[in-house]
Amino acid sequence: MLILNGFSSATLALITPPFLPKGGKALSQSGPDGLASITLPLPISAERGFAPALALHYSSGGGNGPFGVGWSCATMSIARRTSHGVPQYNDSDEFLGPDGEVLVQTLSTGDAPNPVTCFAYGDVSFPQSYTVTRYQPRTESSFYRLEYWVGNSNGDDFWLLHDSNGILHLLGKTAAARLSDPQAASHTAQWLVEESVTPAGEHIYYSYLAENGDNVDLNGNEAGRDRSAMRYLSKVQYGNATPAADLYLWTSATPAVQWLFTLVFDYGERGVDPQVPPAFTAQNSWLARQDPFSLYNYGFEIRLHRLCRQVLMFHHFPDELGEADTLVSRLLLEYDENPILTQLCAARTLAYEGDGYRRAPVNNMMPPPPPPPMMGGNSSRPKSKWAIVEESKQIQALRYYSAQGYSVINKYLRGDDYPETQAKETLLSRDYLSTNEPSDEEFKNAMSVYINDIAEGLSSLPETDHRVVYRGLKLDKPALSDVLKEYTTIGNIIIDKAFMSTSPDKAWINDTILNIYLEKGHKGRILGDVAHFKGEAEMLFPPNTKLKIESIVNCGSQDFASQLSKLRLSDDATADTNRIKRIINMRVLNS
């Protein structure tokens, strides 16, 4: 069993990432920001392709939480923005989307008014009306449709997220999945994902527990607190035996469904003895941690008294397994607890046979550090099998660009207005600047080096055999009339001064779709594991990519319907295709 803290940087440099079960990641060495990260898999059984995408994530810059300092298991959520102060819980507040991007209200038009009033969703009618407001990320990258539904009574609000792959996510439909002020139900700070459904009728249902006073000494500084705001992930159920097209939560707050799989997050209710398989049903009240703490960034107290002690995977096949709830796998978490700060120090995976027999545990933490090198230059000791190759600074720069640097960098490259303070902070945090008040020359040089590192990191990725990619643009704006003319002049050569993001899989619906043909030797690269948004395929091109306009197919022309039918669009909704006014066929010039 390995203790995480206490290693010197020299020791960490020699440690190889552990080989984890499928779905897990490894130790990531700290970059210029000084942050290290680890990802541990949860014992999640594969279903018919639709299982919860959850894992334990560690960041050395993370705060305290239900898994100890630095660790988290975040589900999809939407929250009010707090970086500019405490939310006012009115129309002046800003929201943060599931990817952390600020949300803005979608423009209202005559064809698509925003907001609208709804009494139903599909074939499901509601007993009241809802005001539905569409939002989108301020910087578009995920291409989902986001709707904020507000009912007639206080606290009766939730979010719908229509993913680009057709999956529908429901967030905060019931009070159990909303983090709100206990004294004001309408003051909701976070909406947690509560249900997801695929076009094939496969569902995932998330259950949460509210904080309470169980096993808490309610005297002293704990007296008089209202601790009911916090929500803990309790169960994730999936593998519904019978497919259903509609969300279960439309008609019931507690769906009565036959689930085949349940992932249980246990906070001490079922016992943590590794020799005793825990039961499916909680046997006791949950345990209290030694280092309770509170958060106040939303304007009310969010008190945390719990630690997740284990994660359990149950199967429900009574005819095949002989019992209703069969434990198959268990991630047992062990902590170094004290009243000051609790740290996760060990994570063991245990597997169980159908008769309850426990297989030998798998240690998921890092292997012990290798012995120190021999003195006196003796090189007879074999090389440590834990030695690894560090990730290059160029790949680190590309990874950060994909996560949050793309907006600033591309605005700078295009000569648009950009947040200079944010740019300086980025360069400072990535060690491209040594001061937050550089001269103009120092700033330009640092930006040049940073952009060059991103480009070199991109060029180091493997080439692919893709021959066509897509890009959606919104050019039908008065301010972009000159740009539209450039893109609609056959034979014209467009030079994109910024990094150009494209999709090899889907044509994102907008008024203009670029059908971009590639030749062997092009400089575009699939980001793959380097990408921050793992769910989407992205081919990125370096700055100053040249594209030649070969043909334009306008809406209403003879070839438009034929070419449109050949495109794989980002949304199957036929109404959205009316937004497409033109398809521009162009080719990347390698020279």
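Counting starts with 1 at the first residue shown.
Placed from the backbone N, Cα and C atoms, the Cβ positions cover glycine too.
For the domain 'TR mART core' (373-576), the predicted model reports an average pLDDT of 81. Feature annotation from Swiss-Prot assigns domain 'TR mART core' to 373-576.
Taken from Swiss-Prot, the feature active site applies to Arg471 (among others), supported by sequence analysis. Cβ neighbours within 10 Å of Arg471 (active site), excluding its own Cβ and spanning all shown chains: 22. Following the DSSP three-state reduction, the secondary structure of Arg471 (active site) is strand.
What Swiss-Prot lists as active site is Ser501 (among others), and the listing cites sequence analysis. Secondary structure at Ser501 (active site), as computed by DSSP, is strand.
Residues annotated as active site in Swiss-Prot, with sequence analysis given as evidence: Glu538 (among others). According to DSSP, Glu538 (active site) is assigned to coil rather than to any helix or strand. Glu538 (active site) has a Cβ environment of 21 other Cβ atoms inside 10 Å.
Sequence-distant neighbours of Ser501 (active site) (same chain, 6+ apart, CB under 8 A from its CB) are Tyr406, Arg471, Glu538, Met539, Leu540, Phe541.
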